[in-house]
């Protein structure tokens, strides 16, 4: 006759906290928030609907209900705050948290949300019921709330030394146990009463003393859920077994879990001793029992698939016996699946790291093979054209330092060709008169600056002797040397003014530092064929672009019976009839015939 009034929020709350959801559906949650804000009694009806959902036995429904309540508290203002801080809702939370059948994760979430709501309602003293309920739950269940994360402090040298000492002690204890394990069977057979003592001694190393470093611990078990708040931290849930790798900070270790590596706080885990021999034997026996039931499982499956549906299974003793025998291995099978699933994840992660390392190594190896280091072989740098070369201590042009002849390839002298930079084309210098005497004296006192550098070593030639150079009013026609000794100039260019001295200075046997300025009139002529000594006059100083004086002797006067060779004689001694004598303007009159100087 009298039925409870239907709550308008039951369907909306049930939809937002459905047990079949895989995660929070924020579309449904926001629909509930909008409906609460739109109706006058929306806050009261929504909290009543959530209390019903908290009584559900499904842990997912309980977790979704807590998330819905938190969303309402953040979006619906003081009306929903008052209903959440009511006695009915807080009692429902305490009742669920104190129930032993409630999932541990649900209990932790209740404590977390009550803590958030206490801080949210702290400004209004009328909502103090939530704070009282939170303190009561925290006192009754101290293990629900995870501890605060320790501060990351660098490990000091003393901590490192202590860790090393503990490692050495653990190694010594392990060696002692292995040495004592040898005569154990003989002692057990001769004195059975000593067995309890041996078992006590074997169980003693399982106790982990306080302050143990990561060097002596290989595994830890998580006591609380840990959510990383900074990069590099390891996420885990309560009950996970973490493999310890090393100590990073004073209260933080580095570990590996399900293929992930990161640091974790020590107050969130408990230390686990290494498995003993008995534990390893127990695990091996469990695996043997599981694999021993494979035939029975296959036989049971065959019997059930071949029998007709009308068969009474209860009357068939064989099927019943096989079913009960295989049913006992299911918990062991689930445990082994979890164990080897974790190992598979670890091995898969290790394989991925190895593949990445191998690819990086191969790429670096290919890069180093495709771009080998090039030897730094090059000739010494030459000064650029147009700039004077560095001079020595006595004012002479100083050439580049002589490199090691074994490090560079040098062509044979007869195959070398002298290349000169382009210069401006100069007119035929015949008919020009030398400039005044002071200019010539100044040019003689100061050697011309080097304005170019030949590219190769100049072969030995009689034209290199500066004593063969002369100047006259009439310049004889130029006779070119053989092709293998010809000095090549670019088209439309002539030799720079200082070419003859520069060619002389390029000889390997000649070094400007071997003689002083007093020896300028007689430079060393070693390794040159002896030539007749002739008077030498200074070079004329002309405008830029004038052709340099010839560096060879002119041919004899035409009209002879036989045509003489255009090349100078290499025979030492008296000059021949066709040799050339320099013309001296100071000793000849203006009307003198230049031809009289040919002998």
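Keep in mind that glycine also has a Cβ here, set from the backbone N, Cα and C atoms.
Annotated range for region 'Disordered' in Swiss-Prot, selecting from 177-212, 213-248, 249-284: 177-212. Swiss-Prot tags one of the stretches 92-115, 116-139, 140-163 as region 'Disordered', and that stretch is 140-163. Using DSSP to sort the residues of the domain 'VHS' (16-145) gives these counts of helix, strand and coil: 96 helix, 0 strand, 34 coil.
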